[in-house]
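Below: the structure, in structure tokens.
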């Protein structure tokens with residue numbers, strides 16, 4: 001058995017693993033600060049035009065918060081074609097059941113986060129349809145809670161479908177790990193230090209591919225139709241400016257999601273059989289983490305009311321230069337003036353000297 005042993009993966013260098021853990025905790029801390037700041041700005045700076053849309057933005061940002069916290073808790077690494085995952089987060093301090101529950105929750109939250117982002121595209125897509133169209137829906141007359149409820153029902157359905165795919169009632173996860181170790185002892189060695197869960201082969205990797213390609217296809221088609229709708233709209237100039245502003249923000253969000261989420265997900269899914277899959281998994285996760293920050297940055301920079309309000313806050317936080325005191329107080333203590341000899345007030349020379357020093361000090365102070 002030992003002589004015929006063929007490894008199914010190559011565990012990455014210790015430096016890469018340690019860097020991944022430190023980077024994950026650091027970037028998530030930074031992301032959370034940015035998220036709370038963005039939520040504060042969105043809630044405070046929304047006007048009558050962006051108020052309804054702000055509810056969906058906050059909904060998405062809240063899911064980003066929960067998603068980052070859940071992801072850092074598991075911080076899992078794929079072991080490749082065997083369908084096993086190593087947990088490097090603090091959940092590794094608990095048992096397999098806790099890791100499994102957290103895995104279900106974190107993947108569910110990740111799906112909810114993606115669904116809430118798709119919801120932003122759908123809301124703006126509906127709002128961009130001009131009133132003359134037979135498909136026009138006055139989104140402003142639909143209760144916000146009904147729309148949010150509909151999205152969350154869709155989220156629950158997606159989560160349940162994913163849980164059904166990874167659930168296995170015939171062979172429990174720990175038994176699957178024991179069966180794999182008969183031909184590949186490496187997962188068992190890693191399980192001595194970390195929690196390892198093994199799923200049916202290609203279940204998670206295929207989900208990554210479908211999710212990544214599906215998001216890019218849906219958002220691409222939505223943005224094209226939205227562009228046509230806004231271009232053909234006969235709305236007022238102010239309404240069109242709002243449509244274009246939010247449209248460009250969505251384009252930037254779609255690009256950010258494609259770069260930081262969809263592309264790494266597809267790469268990780270396609271290369272699931274590679275011996276270097278653990279290293280690939282870590283690199284893809286490192287690329288994924290900054291997505292939250294760029295999401296917040298896009299909202300704060302490209303949506304004008306939020307940009308103005310955020311800029312105002314940051315300007316107040318800047319260290320202001322020390323104000324110069326009243327001129328007379330400065331003149332009184334100024335060493336040049338203190339050296340002027342006392343003399344008869346009627347003497348023109350002394351008066352001219354004081355006036356000269358006074359004018360020089362004023363020019364310096366100003």
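Cβ from N, Cα, C; glycine included.
Because the structure is a prediction, the values reported are computed rather than measured.
The range from 209-230, 319-340 that TrEMBL describes as transmembrane segment is residues 209-230.
The range from 184-207, 280-303 that TrEMBL describes as transmembrane segment is residues 280-303.
Residue ranges 55-73, 74-92 are listed, and TrEMBL annotates 55-73 among them as transmembrane segment. Range with TrEMBL annotation transmembrane segment, chosen from 242-260, 261-279, is 242-260.
Away from its own ends, the transmembrane segment (20-43) comes close to residues 54, 57-58, 61-62, 64-65, 68-69, 71-72, 75, 77, 88-89, 282, 285-286, 289-290, 292-293, 296-297, 299-300, 306, 309-310, 313 of its chain (Cβ-Cβ under 8 Å, at least six residues beyond either end). Here the transmembrane segment (242-260) touches the transmembrane segment (97-126). Their Cβ atoms form 3 or more pairs under 8 Å, with each pair 6 or more residues apart.
Using a Cβ-Cβ cut-off under 8 Å and counting only residues 6 or more beyond its ends in the same chain, the transmembrane segment (209-230) has close neighbours at 111, 114, 118, 121-122, 124-125, 128-130, 133, 240, 243-244, 247, 250-251, 254, 257-258, 261-263, 265-266, 269-270. Note on the transmembrane segment (55-73): residues 24-25, 28, 31-32, 35-36, 38-39, 42-43, 89-91, 102, 105-106, 109-110, 112-113, 116-117, 119-120, 123, 144, 147-148, 151, 292, 295-296, 299 of its chain, located 6 or more positions outside it, place their CB under 8 angstroms from a CB of the stretch.
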